[in-house]
Amino acid sequence: MFQPTANIFFFPFFLKDNSSIRVSRIGENHIAQGIGWKARLRAQGQYLVYSKWHIYMSWDSLFQVSGKITYNGREMDEFVPERIAAYVSQDDLHSGDMTVRETLAFSATCQGIGDRYDLLTELMRREKEANVTADDDIDVFMKESANGGRRDVVTNYVLQILGLQLCADTMVGNDMARGISGGQKKRGTIGEMLVGPAKVLLMDEISNGLDSSTAFQIVNHLRQLIQVLGGTAVISLLQPAPETYNLFDDVLLLSEGHVVYQGPREDVVEFFESLGFNRPHRKAIADFLLEVTSRKDQKQYWSGDCEPYEYFTVEQFSDAFEKSHARQIVKKVLEVPFDQNLTSIAALTTSKYGLRKRELFKTIFAREVLFMWRSPSHYIVNFAHIIVKAFIASSIFWHSNMRHDSVTDGGIYLGLLFFAVSETMFSSLGDLGAAVMKLPLFFKQRDVFYPAWAYTLSTWILKIPITFIGVTILVAMTYYAVGLDPNVGRLFKHYFLLIAVGQMSSSLFRLIAGVTRNMFVANIFSVFSMLFLLLLSGFIISRDNLNKFWMLGYWISPLMYAQNAISTTEFTAHRWSKILPGSTESLGTTVLKSRGLFFEEKWYWIGICALVGYIFLFNGLYTAAHAYFKSPGRTFSSVPRNAEDIKLEKLRNYAWSKRFHKKIVTDDSSSSLNNRRVTLPFVPLSLTFENIRYSVDMPKEKKAHGDMNDRLEILKGVSGSFRPGVLTALMGISGAGKTTLMDVLAGRKTGGYTEGTITVSGYPKKQETFSRVFGYCEQSDTHSQHLTVLESLLFSAWLRLPSEIDSIKRKMFVEDLIELLELTSLHGAHVGLAGVNGLSSEQRKRLTIAVELVANPSIIFMDEPTSGLDARAAAIVMRTIRNLVDTGKTVACTIHQPSIDIFETFDELLLLNRGGEEIYFGPLGNHSSELIKYFEEIEGVNRIKDGYNPATWMRNKDLIRDLSRPPSGSTDLHFDNRYSQPFFKQFLICLWKQNLAYWRNIHYTGGRYFITVMIALLFGTAFWNLGMKRTKRQDLFNSIGSMYVAVLMLGIQNASGIHPVVAMERVVFYKERAAGMYSALPYTFAQVAIELPYIFIQTLIYGVLVYAMIGFEWAVTKFFWYLFFMYFTLLYFTFFGMLSVGLAPDGSIAAIVSSGFYGLWNLFSGFLIPLHRIPIWTRWFYWICPVAWTLYGLGASQFGDVVDKMETGETVAEFLRSYYGFRHEYLGVAAVATMACAIAFAFVFGLSVKYINFQRR
């Protein structure tokens, strides 16, 4: 039972997988009967306590939940718990295109004012009765916060409380775009919920990425908030400082799914002392609570002199708690049911949302307009590619070259109309990726901020003017230019039909995104949908030749209605009314009948009505999918015992024992390990920097708020040095520029303006050689998701360690680090995608550190290596770092909220203030005595309290000057090669990695083969036994059409399917290339090479099925040529997909650019308009069009040597030569050209990755 009271709780530990807890009391005098949870509290953006019967998250089917949860004695179905309790996730998920102020203001608007207005009314009534005059400032604040039309007061207040006022008008940013710091993002996540009216706050690891001072201020504010307003807060923290811990009222200690303790904070130490475990002096209570239940750390706290130590299990702790006085008090309270008459149901919100429906829609719509305004490049690129296609199409189909004299002329016009319809559909392909990428944020906010319909309706309405603009450009540039009927009425009918096609296709792609919720699966289904619509449109294969099996699909295909509608609009015009000799029907009717199309004018209205119906149907299903489907959620890697385990057990004989620095408390459990650590040689190096300044162009948002400076200075003349054997802490409040300083020193900044001097052992720093001796554990844990932990470490060691080190020693060194960082149990676990599957955030952090340490660098930067770790895991990491420093390495760490033990592990401190100003640089001293003495000598600084952490309380120019000069007799860093491994070996290692990744990427690899089989069966049944029919021209049109649509659709599927693979791996590539692992070309060549066998298998699957079902001539040479051209066609489409991502900043723009090229290739393929009808001034593009060479090769190889007579009297070969221009004797030229396209795309892809960097840091 959660009842709003002035109590705040601290969770020092979390549930483990497959564990359960039984919570009996959450607040003082509050009851919760029989709550049994079997899940993780850290659910991504969802609410664990918000469902009576199941966990409200996507993986609820994997876990069982029992028990009853009540608020004020009322069950969950009596009110809307999402409005009462706010869950703050540990994942900082925001829109990168909004500023911090806009993010919080949007949250405040959506959540509404709750009962603030009613409370204010009641307060004013009582003040009036008591004749009390309110404080002016408090009165203004309460009135403004309770006013539904003014929420900026609350937003500004929360910004001030969280220390976000300086970055309030800065974009949040993301992995590819510069934005606010990680700590500021975390504060923004907290602020999103604080601006709302929720009475219960459930906050998961809110201090990650925050400095101790900021964490203390936030928790202190929360304490005051719930004490004044009568709220309840349940907060989990990792490594809380003592002063932060002391702010809590109660402690709920969980271990392995059991409740170890629940009760007042003041009594928790006494409880454990009664069991024989004492807390040492200067040991933080929170750290003690975590370690006392750990098997490896428990012994050091045992104080039983009379009894020998034996491991005290978690079950024993739980049983002891059941017998404790605190538990007995709770049991007594549980016997008395909560009196619901003490509180009103009005205290629990019964309305689902904080605003009325109209206001919610206006808010969401305004945000989507803002997104569109902030990301104009997507729409600019889309309109640009429409302009290019329209210009080229008007050039090819120029009206002076178009005639209206024969059925053949009509066929050219039909091809033009089909091109207009298909390209309008292709223009909406970019909506697919954009819709998928927005889903994580949508699922976080759905049902909390707004309903699904408000979001889907807004996106639909905003897409309408985009469609109007695109179609207007296309029609304005092509309609009269190509010689379509000049009647204004037919022009507008043509125009509105294409608008309906654009809206239908956009709605379809958004629906696919909402149903699949995965980029790989969405690409597969989108291509299959396009293929289905195009194939059954009535143009590629006529209705008369279509297999009866597919007639139902023909009648439900939206493009069938579009093609018939646009065709009847044109061919029922007066210019097509002439009657050919020997015919009784008009030329227009004859053309339509020859292709199996309808010829009545009513089919325009049938088509437009059908398209409008599909628009509403698809958008309705799109809304339903967003309303009822759940987020893909989080899955966890299992760690099977396999051959890898056996190999590691053999190597474990070489494991080394942990050596501890004199400052660190030794772990007795490690003393029995053997002292056989593998050591690798390195050169100790120092790093000095003097007067470092870093600035960026002033953000437009800040200029809009009155800041007229040209640049925003982030670092202001910072100087310091990092020396061998000295562990330096880089500290400062969030936003002080700690990560920026490390990025500047590491050479990882891709933009901005840097000034100052950086030297390595007295010599000017050269980035080419520096990367060989440098390791950087970045704040973002970026890894290849399909590798295991062991494979990630082997990959890094293989590429970064010198080639002179043999494989046995390298593997032993890797095993040492796995043992040291306690990753042994996880070595076979897949890394996975952060926040979705695979390793937890804590495990990923340790992997990030290990990946850099296996490189054996001389200088190591670690950006918040303990963030996201509990106290015990943080201690393990810091022991490892301390051991490295003791060997003579140079290590600098940014650190947030270190415990006393961890903080005193450091030797020196570089302290930055907000704005990038240096406050202190020098030694810490024993028990931080030097630091304390320095600050206590400053006038106005109070003395530190006994037991407090100096890290929370808180220039040596001569040293910097000395280290900036090279020692006598020393030489500058020099390596024969920039990389540890030669070019070919880099390629082999990257190929090894790609092979593992492709084999395990079931969404991509398995999905590709699945869609290939489906397309093959679709083609085979649709074109059943049409391959040997050669008596009519339409028969050959059908056969060439099967090749045309197969090449285009299967190729587009390959190209679009590779987009997310390359885009997701590109972030990892930027990190690994910056680390000096490999150059760009070996990486890209490996990416290209791994596709060769997979595409070969794909070609065999498709080729055998389709060739047999369509019934092409069974000859060895013809079958070989068919497989040959299909193989290289799929290759160049796949490589083109890689290239488009290499040339675009994100997947959405890559999809738009790609669709533009698909349109051009479609236009110049030779199928819609044959070569001899293309104007001479644009015919050159036909000869460089890859699809044209593919169709040339396929058509010439299958029919170019056939001498069978057609009903027109000409042979098949003569018809191909006269209509399409295919000559059998040029088959070799077509083969060479097709291969050249694949090679060219692969090579340009390598160059694009090498020379273009879209990451902005």
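Yeah, the Cβs are placed from backbone N, Cα and C, and that goes for glycine too.
Features of the protein shown, as given by TrEMBL:
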- 15-281: domain 'ABC transporter' (DOMAIN)
- 687-939: domain 'ABC transporter' (DOMAIN)
- 379-399: transmembrane segment (TRANSMEM)
- 457-482: transmembrane segment (TRANSMEM)
- 494-513: transmembrane segment (TRANSMEM)
- 519-541: transmembrane segment (TRANSMEM)
- 603-622: transmembrane segment (TRANSMEM)
- 1006-1024: transmembrane segment (TRANSMEM)
- 1036-1055: transmembrane segment (TRANSMEM)
- 1092-1112: transmembrane segment (TRANSMEM)
- 1119-1143: transmembrane segment (TRANSMEM)
- 1149-1168: transmembrane segment (TRANSMEM)
- 1180-1199: transmembrane segment (TRANSMEM)
- 1226-1249: transmembrane segment (TRANSMEM)
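Beyond its flanks by at least six residues, the transmembrane segment (1226-1249) meets 1066, 1069, 1080-1081, 1083-1085, 1087-1088, 1121, 1124-1125, 1128-1129, 1131-1132, 1135-1136, 1138-1139, 1142-1143, 1186, 1189-1190, 1192-1193, 1196-1197, 1200 of its own chain at Cβ-Cβ distances under 8 Å.
Note on the transmembrane segment (519-541): residues 414-415, 418, 421-422, 425-426, 429, 432-433, 436-437, 508-509, 512-513, 550, 553-554, 557-560, 562-564, 595-597, 1001, 1003-1004, 1007-1008, 1010-1011, 1014-1015, 1018-1019, 1022-1023, 1038, 1041-1042, 1044-1045, 1049, 1052-1053, 1056-1057, 1059-1061, 1147 of its chain, located 6 or more positions outside it, place their CB under 8 angstroms from a CB of the stretch.
At the 8 Å Cβ threshold, with sequence separation of at least 6, the transmembrane segment (1036-1055) lacks contact with the transmembrane segment (494-513), having fewer than 3 such pairs. When the stretches 457-482, 603-622, 1092-1112 are ranked by Cβ pairs under 8 Å to the transmembrane segment (1119-1143), first place goes to 1092-1112. Looking just at the domain 'ABC transporter' (15-281), the mean pLDDT is 70.
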